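Working notes for the structure below.
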């Protein structure tokens, strides 16, 4: 069974995002070892740059030296679902390195985290709330798994 990590800022607070994330995590865990690591949100009273830096420091501390860091970033490369599946397949060829998909908080990812990235991926040209972005990423990971297994989920 291949492994992947999801590293994100904060817990999902909205019940329907919690349910959607749990749904895709459950499906993914049938064929993948998925580790979800959440770091604490930055203090909302702080200016956005300071909040981002604090969250970034926590994200960096949670990364392992062998992690293949894939940052979800609006300036990243956009992939079709099939291209993303092929990328996931390539990222998991080496059993000693684990792809770690990183999602920032309300203000995205700090530059220090982006500098640690092996790869930056864009979910699309539109901006999503970070809770929605997490669910979209989980769905796309599940879809990629189905594409790789030739499951009928993706038409």
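Placement of Cβ uses the backbone N, Cα and C atoms for every residue, glycine included.
Counting every protein chain shown, 11 other Cβ atoms lie within 10 Å of the Cβ of residue 127 (S-adenosyl-L-methionine binding site). Among the features that Swiss-Prot reports, S-adenosyl-L-methionine binding site is placed at 104, 123, 124, 125, 126, 127, 128, with the record citing sequence analysis.
Neighbour list (residue 124 (S-adenosyl-L-methionine binding site), Cβ cut-off 8 Å, at least 6 residues apart, same chain): 78. Residue pairs drawn from 104, 123, 124, 125, 126, 127, 128, the listed S-adenosyl-L-methionine binders, are separated by up to 17 Å at the Cα level. Take the CB of residue 125 (S-adenosyl-L-methionine binding site) and look out to 10 A: across all protein chains shown you find 7 other CB atoms.
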